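Novice: OK, TrEMBL features for this one:
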- 1-26: signal peptide (SIGNAL)
- 94-185: domain 'Ig-like' (DOMAIN)
- 202-277: domain 'Ig-like' (DOMAIN)
- 295-380: domain 'Ig-like' (DOMAIN)
- 385-469: domain 'Ig-like' (DOMAIN)
- 475-556: domain 'Ig-like' (DOMAIN)
- 565-652: domain 'Ig-like' (DOMAIN)
- 665-763: domain 'Fibronectin type-III' (DOMAIN)
- 750-774: region 'Disordered' (REGION)
- 768-865: domain 'Fibronectin type-III' (DOMAIN)
- 870-967: domain 'Fibronectin type-III' (DOMAIN)
- 969-1059: domain 'Fibronectin type-III' (DOMAIN)
Amino acid sequence: MGSPWKPFLLLSVISGLSDFARAVAARPISYAALLRMKADSSSGLDSRSRPRQHHGGGLVTPDWPAFSSHPLSALSLLSSQEDYRSEENEDFGPVFLHEPGDVLFPLDSDERKVVLRCEARGNPPPTYSWYINGTEVDGAADYRYSFVDGNLIITNASERTDYGKYQCKAENVLGSVLGREALLQFAYLGAFSGKTRGGVSVREGQGVVLMCTPPPHSPEIIYSWVFNEFPSFVAEDSRRFISQDTGNLYISKVQPSDVGSYICLVKNTVTNARVLSPPTPLTLKTDGIMGEYEPKIEVHFATSVLAARGVAVRLECFALGNPVPTITWRKINGNIPKKARLRKSQAVLEIPNIQLEDSGTYECKAENPRGGTAFKGHLQVYTLPQWVRMINDTQMDSGEKLQWECKAMGRPRPTYHWLLNGLPLTSQGRVEIVNGELIIHRVQQADSGMYQCVAGNKYGAIYSNAELKILASAPVFLHNPVRVIATLGKDVSLECKPRASPKPRITWKRADRRIQQSRRFMLLRNNTLRIVNSSRADEGSYVCRAENQLGSAEMTAVLWVKEAMRVELSPSRVEVTVGESVVLSCKAAHDTSLDVAFQWLFDQKPINFHQHGGHFEYIQTSSAVDLMIRSILLKHAGKYGCRAQTSADTVSVAAELLVRGPPGPPGVVIVEEITDTTATLSWTRGLDNHSPISTYNLQARSPFSLGWQTVKTDPEPVTGDMESAMAVELNPWVEYEFRVVASNAIGTGDPSAPSRGVRTTEAVPSVAPSNVSGGNGRRHELVISWEPVSEEFQNGEGFGYIVAFRANGTRGWKEKMVTSADSTTYKYRDETFPPLTPFEVKVGVYNNKGDGPFSRVVVIHSAEGEPREAPGDVKAYGISSSEIRVTWKAPNPGPGRPRGYEVSYWKDMEQEESGTKQRTVKNETSMVLTGLEGNSLYRVTVKGFNSIGPGPTAAAVAANTRKAPPAQPPANLVWIQEGNNVSLNWEPVKAKDNESDVIGYMVLLKQEGRGHNQVTRTINPSTMLLLPEGGTYTIDVRALSEGGEGAVSAQARVVTSSGVRAKSSQRSVHCAPPGLTWAAMLLVLLVPSASW
């Protein structure tokens, strides 16, 4: 079965092509004009002027134009598109694709090559030339210049010869255009003079300025100062300031700590190079201290500051004075912009993204107790020119009048001049130029070329380019003949739009008779023949003849007249509920010789069946189409149109769909009245979406809530006929936002927009602190702690705590005020009460409105203090070459009990302060010190500590670590395997004088892959091992000494049959040869000897 979409899609394509062809029929848009499309809100597309620049996204197909108004068949329309595409081959003047930008080139760059890019399109392809400061660059005369395509490459560039403004010129036979100017600058940073700088001597309290005197540089540099030696930088504050305009260091009031050597450091912002100045010594005079004096502004911004719109402006102001002056800023006759920021202790006013409204007079004022002084300067914002109206490519007939106008905005106001093929154009003869307007009377072929309007002020210039073509051709019809289908009883238009220059004379004929103007046959100004109230008798051929001095041509239009189409859409009005589905049916009665295509519209816009989440489905038969709307949403309510179209007629009908659903959001919520716990709200009704509103729900949000929360109301509930209610049981002194949600029988709708934030009034606190506890602290201290009351429940300003306590058995309470709302602890100290004295404690709250409740009473003991006694019976002795065991006894029980112990140790020849400290995990009374040097004497001390602090230290004791274990491993390992028994022998190890004596040996047996380990100790150089089961085992031997374990022997590898015990008759003897390496041992596979 054929797709029902095909007729619809075909007619959509034909309709779009028809509009496209009509737009270009008289004078087609050239390929060059499409290339040049840029922004120009003031220009449209017509047959005479084509946009070289254009805002937007191309040609848009109108919405289903009637076919009777277009005397073009689908076939001729398709061929016209091919004609249009073929115009890519037409000649056109240069169009810049890329123009050079400003370049800042580092002189110390390894790549000593500057590239200025220029690229243009044109047919024929353009050639290029370059100009520096108005003089053409001669590549033949200077080998450093080379040209690659349109790009200019400068090798071994230097500031002396190459600094300046560059312009690219693109040219072909149709004309030439100049590109915008590009400035080539060079970045560098010279060296400071090596001459020694003289010292500066001032009195204490006097102000001083240290001069930087930077070296030659380009562009801007960043200043900083080094104090005495790098990298100790001078920190800026209210007393010290480094100007980024002068580079100088300003100290408003010198102090003794300022005495020293100062070095100015400058950094190039492009190359990142840095250089240091010679030092400037600063000393104090000994003839007295400088008294107080009024401020003197030493560095300030200029009296007139110019800044480009959009940049950040930095205004400096700093004064010397004693006492140190404070700096304040204001804008005369206005407010300082909110976006402005004060930096460097208010010595710098920074305004980002400056705009025209930020212009004005700014004042900085320096004041101290001795007086004040001020400075004013004017900030003026300028803007580069920006186009408001540009010129477009234009084609004209010889003898017509050309009138172009370009317009730009900027501050200062831009001026204009015109260029023709890159050369200045002035008023003379037929040419008139007034500012941005160019008029050429009676244009001639010699006027063809590339025109440029240049708008500029002293801060820059912009260019608008256009090509003027003067046409001359005999009439030509692109499509001949054409077929037109009309609807019976309606008007029909037959267009006649030949290509011709100058304009041709047009006549219409039918059956060789010239058609004269009448009531039914009208000849329009655009040469179109309109037939009013068409009938069957009007069918036939009509001939349009076009003639000028260069020739003539004829076009035949064939007219058919068809019956009008009738369309019915049902149902015409339907009501549904959200989530339901509905089907709209559209049927058409039409001339059977014509195909019909349908289109569905929603609120007069075509429905895109791929962009509505599957809600719309399209079902078509030969003369009918259904629209199914599934799972309807509120947004689907509206008018649905069915548009039926044949090549002769278009008919549209509409139906209305009403959707019942949850209410829409209520209108603006206003807080009418606010108290400490209530808020009276009002709102306006929202849409009920065809189902009456039953109730409203009031919600609130505060900084302490988890999103929006429903609040209690008065009355309760809030019915749907109400537009005001009171929210109750709010917290005092909390900022709330409110919103309202409506509900009906179908569901709950979207919430209203939040109200403005309002704060409830203050009240006495009603929530007491929780988890009151305490303890710890130093001797004679009572420490009381609590969980602070959340800001949500503080109920007002001036919130604090009342801490009340008394010793057990006493009557009066002592009360102390804690003024910080964030406090969680209070400490009370009294030398008279002993440790661990019990106290009754409670904590209350207050604010500016009065005292709130107290917490319940709890008992808290005063601190027991830090440990009072040192640990006793401290002993230390070496247990290996790297370990010492330390033991001690805890002090007698009592106040100040240790919660742990700290052991300090150091070598005998070192200082105690350089020793290492180690703490016990818990209240242990022993510790093993590890990682020590062998055969060395250590000193050890022990002291107790608790949460209050450390106690006294016990007297130091001494202990020696053991000598190091033998470095020689057991050698000549020999083993005999008999079944599961392995007999092992080795040579005894002899310790050297600086090593611990051997007291035995340790044999380690490991089973590979099973994790089975077996350790055997022996005092003899031999042992017997039992292999528990079949598998692969490794054996190694170490000597044991008081200093620990010695070096490991070569490893033996023993294999028995897997899962089978070896027979006792199986016997093998093995030996590890002297010098056998570990890798070699791994290659020895020991298997029981087989019985032959």
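Glycine is treated like the rest: Cβ placed from N, Cα and C.
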Novice: Quick one: find which recorded stretch in 94-185, 565-652, 768-865, 870-967, 969-1059 has the most Cβ pairs under 8 Å with the domain 'Ig-like' (385-469).
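Specialist: Looking at each of 94-185, 565-652, 768-865, 870-967, 969-1059 in turn, the most contacts to the domain 'Ig-like' (385-469) are made by 94-185.
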Novice: State the non-local partners of the region 'Disordered' (750-774) in its own chain: residues 6+ outside its ends, Cβ under 8 Å from one of its Cβ atoms.
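Specialist: Counting only partners 6 or more residues beyond its ends, the region 'Disordered' (750-774) has Cβ contacts under 8 Å with 662, 664-671, 674-677, 679, 681, 683, 686, 699, 701, 708, 730-741, 782-789, 793-797, 799, 801, 841-856, 858, 860-861.
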Novice: I'd like the per-state residue tally for the domain 'Fibronectin type-III' (969-1059) from DSSP, helix first, then strand, then coil.
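Specialist: So the domain 'Fibronectin type-III' (969-1059) is made up of 0 helix, 59 strand, 32 coil.
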Novice: Mind tallying the domain 'Fibronectin type-III' (665-763) by DSSP state, helix then strand then coil?
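Specialist: Secondary-structure composition of the domain 'Fibronectin type-III' (665-763): 0 helix, 43 strand, 56 coil.
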Novice: Average pLDDT across the domain 'Ig-like' (295-380)?
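Specialist: A mean pLDDT of 94 is what the model gives the domain 'Ig-like' (295-380).
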Novice: Summarise the domain 'Ig-like' (475-556) by DSSP state, stating how many residues are helix, strand and coil.
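Specialist: Here the numbers are 3 helix, 43 strand, 36 coil.
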Novice: Where DSSP helix means H, G or I and strand means E or B, what are the helix, strand and coil counts for the domain 'Ig-like' (295-380)?
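Specialist: Across the domain 'Ig-like' (295-380), DSSP assigns the residues as follows: 3 helix, 53 strand, 30 coil.
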